[in-house]
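K.L.:
Positions annotated as domain 'Glycoside hydrolase 35 catalytic' by TrEMBL: 45-357. Summarising the annotation, TrEMBL assigns active site, proton donor to GLU193. As annotated by TrEMBL, active site, nucleophile applies to GLU267. Residues annotated as domain 'Beta-galactosidase 1-like first all-beta' in TrEMBL: 415-516. Residues or ranges marked as domain 'Beta-galactosidase galactose-binding' in TrEMBL: 541-600.
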Amino acid sequence: MNAAQGFSLNEGEGSLFTVNRFNWSELIPLRLWGRTLGLQTENSQFILEGMPFRIFGGSMHYFRVPREYWEDRMLKMKACGLNTLTTYVPWNLHEQERGKFDFSQNLDLEAFLSLAAKNGLWVILRPGPYICSEWDLGGLPSWLLRDPEMQLRTTYKGFTEAVDAYFDHLMPIVVPLQYKKGGPIIAVQVENEYGSYAKDPNYMTYVKMALLNRGIVELLMTSDNKNGLSFGLVEGALATVNFQKLEPGLLKYLDTVQRDQPKMVMEYWTGWFDNWGGPHYVFDADEMVNTVASILKLGASINLYMFHGGTNFGFMNGALEADEYKSDVTSYDYDAVLTEAGDYTSKFFKLRQLFSMIIGQPLPLPPMIESKASYGAILLHQYISLWDVLPSLLQPIKSEFPINMENLHLNDSSGQSYGYVLYETVIFGGGHLHSRDHVRDRAQVFVNTMYVGELDYNTVELSLPDGQGFRQLRLLVENRGRVNYGLALNDQRKGLIGDVFLNKTPLRNFKIYSLEMKPGFMKSLRHVAGWSAVPDYFVGPAFFRGRLWIEHQPQDTFLKLQGWEKGVVFVNGQNLGRYWKIGPQETLYLPGPWLWKGSNEIVIFEERTAGRIIQSVDIPYLGRTQYVD
């Protein structure tokens, strides 16, 4: 059946009539100055400025979408029938080094929230400090893990002091944008899914007070799945629930933890995320829209997670650790309502039809979609081996013992957060190399420059060939992304987290090179001596470069890396993210605003087997699909 069928707009049918009677699409937030009441709960429904209100929300994260496209995605939200935008705030981007805060350019939260207001969208803000979100360490900065005693998401002093310093910078941006101050923020979430962690009974009260003491005056909410609901509550905050399948009685279950309160699905999962080595998950559009219709018919408010997923640009993807460690892919397409590149899906049009019938009046026309470009084959004509880059660009840290990435003395004592670390030591002879499971997450092993094999979670030992005299043993260790959900957050240090043994003797006296591949390093790489023509056959690790010439106004495109094995792509200095031949993802999204008319520099760091060309195509390929059970 059509998902919109069976709806009655008469009074009493799940309060749907209130949307029609009081048309919030006409009320642009910036016009409503001098507001006093805000979003309230009364007799199992939301009230906004004294009038009944339903939240039709959608999640979109400013840090996953190029700034130039923020407004386009917001207009598409409005055209779908939504009235509220929901976003997380990633602490690990805003304070990449301890005490240095960045709210500029693509991290300009104030501009993002003001743009939502301009486009007639209310905002539910989810400032964390932990956000989950399939994002490295759930948005927590990795420098927190420099403290060997660190207890994340608790009232441990080392953690709360860091949160307090961060909130002292974040909240002055947020507070003036609250509803009662004339801004778009109608609700603020306290932490995120704490019921699934629940290590400290005092922690949620601490976060709540950290918000209130800094001037948050709007409605507070919590967000949990069913199993965590009762453990994630905090007095004074409305509990909301997250799910994909509407089990019988699931929304009524909210009544067991709070009586006579409006029901809100904070995360209705419109799709799912992908892991390297797995399928591309999709969630049936008809099943999704029928479930949304059922939720609304029960009188609940809803937020679509995700409305638009975007991209885990750079090294920012998270990971899962259930039975085994699995890192998330670069794309955060999520099989959401809009694609990774912001295009419409069948979900968009089905939801638009549903919301239009409920609201009972025409919705804004959907904006035109941006056309995509296929720029064809791009030749990577030059390369330089990582071994040739080391002496000129990187100063090693010398240490008797291996040091994990976060505890390297770098970045004003904030350590290294992402990328790779190279550990070098001298060995005599060959034998049996054993990691004792101290590699996080994956190490390529070399004797001098000869590749010997890999160490990871599944492979913990290798045979090293015998040889004459002293030789260099090199372990190039990749941080594939920190786990973002579950009970293992305190154990997310990367690199070598302990001793590695050769013939039962621990290796000592390391030279440690940090390969974070930040913009400054990539700029220096451009001018380093030693770039040469790519031979017919070459194995990495190495950097490759080429140029893409664009005659006209640049457009979005997708880079296909057939023939390449595993690595990272940079375009004009922007880190697009990781590729890996094991899939499922086969193309990387390259936004048009990051390209220039004329010459564009493409640099690829390839760990192993390089191709000669990459393809710019106009259609993404995210891998073989599998329906979410």
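Each Cβ is built from the backbone N, Cα and C atoms, and glycine gets one as well.
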K.L.:
What does the structure give for the C-alpha distance between the residue listed as 'active site, nucleophile' and GLU193 (active site, proton donor)? Integer Å is fine.
P.N.:
11
K.L.:
In the domain 'Beta-galactosidase galactose-binding' (541-600), how many residues does DSSP assign to helix, to strand and to coil?
P.N.:
3 helix, 33 strand, 24 coil
K.L.:
Taking the Cβ of GLU267 (active site, nucleophile) as the centre, how many other Cβ atoms fall within a 10 Å radius?
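P.N.:
Step by step: centre on the Cβ of GLU267 (active site, nucleophile), count other Cβ atoms within 10 Å, giving 25.
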K.L.:
For the domain 'Beta-galactosidase 1-like first all-beta' (415-516), DSSP counts of helix, strand and coil?
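P.N.:
The domain 'Beta-galactosidase 1-like first all-beta' (415-516) comes out at 3 helix, 53 strand, 46 coil.
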K.L.:
Just jot down the residues in the same chain as GLU193 (active site, proton donor), at least 6 apart in sequence, with C-beta under 8 A of its C-beta; none if empty.
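P.N.:
Within the chain, GLU193 (active site, proton donor) has Cβ neighbours under 8 Å at CYS132, SER223, ASP224, ASN225, GLY228, GLY232, ASN242, TYR485.
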K.L.:
Roughly where does the domain 'Beta-galactosidase 1-like first all-beta' (415-516) sit in mean pLDDT, to the nearest integer?
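P.N.:
Summarising the domain 'Beta-galactosidase 1-like first all-beta' (415-516) by its mean pLDDT gives 97.
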